[in-house]
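According to TrEMBL, the protein carries these features:
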REGION    1-21  region 'Disordered'
REGION    33-66  region 'Disordered'
DOMAIN    88-126  domain 'Oxidoreductase-like'
BINDING   ARG198, TYR200, LEU215, LYS217  FAD binding site
DOMAIN    223-336  domain 'Oxidoreductase FAD/NAD(P)-binding'
Amino acid sequence: MLASHLPPSGSYGETRSKAGSCSPAALLWECSGGGKGRASPSPNSGRSAWPAKAPGTSSPRTSPCRARALAPARAAVSVMDQSEEVWLSLKPREPLSSQCCGSGCKPCIYDIYQEDLKKWEEAKAKEDISLLSRKKQQSSNSDLTPEIFMAFIISSVTQLTEDTYQYTFKLPGNSSLGLSLGQHIVLRGVVNGLEVQRAYTPITPVNAEGFFEVLIKYGELLMLASGTGIAPMLPIIQYITENEDDETFVTLIGCFRTFENIYMKALLQEQSQFWNIRTFYVLSQEQSLKNLPWSFRETAHLGRINENLIKSMVNTCRRKPFVLVCGSVTFNEDMEKCLKAIGFEKESYFIF
C-alpha cells in the first residue's frame, strides 16, 4: 500500500500499541512530498496539482521523509496568542468514514482522533497552548504501548515481486517488538496529501530480536481516456475504491474539448478524494483555466495530450504503470504511438 511513500532505508518512524487480545501497534509516518480511505486534506493539500516538471522518481520512492507522533496540527504561536481563530486552527480534524480501513484496528483512527480532541479540549479549557506540544518520555525498550510512540529505523527495502516489497525495521539492541500471537501493527502515513492507515501482520516470528519485517503490496494503473472513452474506466476505479483489500494506485487523464464537456464530474471528483486515485483533465478548446471552478484548476491542462504530458505523468507514478487506453480510433492510435515512443511494450498497455 504505502510502499512508495514509506521512508527509504535509514529513515525513522514511530509506533505505539494497544493492550488487549487484538491489540495492534500503530506505526505512524509523515512523509514529505508524498498517499484506502478518503482523508481530511490539510489546507493546500489533498489534490495533486498537474506536474509542472517530471520528478523522475523510481520505485520505491526515496524522497526525503520524516516521522513524528501524530498530533493536532500546530501553528507556531506564542502562549499569549490564544484567540478563537488560533484554537480552531489547532483543533484536530475528524476523519471521514472512508479513511477507516474497517479492519477493527485498536486503536482505530477514530480512537486516535478522540484522544487528540480530548487533549485539545483540555488545553483550550486551561488556555494553555503549550499543553499540545508536550511530549511523553519514550520507553527504553521496544515494547509498544498505547500512550507512547517509538521510533524505528527502516534498515532495508527489498522488492520481492513486481508489486510487493519487504520492509525491514531495525529494533534497538537485541530487543523484540513485543507483540503477542495474533497481534498486528497499523501503518499510518500521508499519501498524495491524504492521511491513511492500514493494518499489517509482521512476517517475522514473535520472538525475533533486533528487527521486524512487513510485506507491502501495491499496483499502478495509468488511464488515458477521451470523451465517452472514460466510461470503461469508471467501473474499474469504483471497484478499486470499494475494495478495502485493493491498494492499486490509479492516475486518470481525461481528455475533453471544454470543462462543460467533462462527463460524470461529480463522480470523478468523489473518486479523486481517495488517497490512491488521481484525476487530471486535458482540455483542448478551453480558453483559460480561470473559467474553471477552483477545485479543477490545479488538475487541468490546456491543449492536447502528447508524448511529453504522458511521460511527465508516468514519471510521477511510484512504479511503471500498466496503461489503459480508450477513445476514438484516432485517439487510440495516437496514444499507442506515444506509449511506444516512451518505452512501453505491447504487454504493458491495453486499448479498449
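Each residue, glycine too, has its Cβ placed from N, Cα and C.
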Given the binding-site residues ARG198, LYS217, which one has the fewest other C-beta atoms within 10 angstroms of its C-beta? LYS217
Cβ-Cβ neighbours of LEU215 (FAD binding site) (radius 10 Å): 16
If you average per-residue pLDDT over the domain 'Oxidoreductase FAD/NAD(P)-binding' (223-336), what number do you get? 91
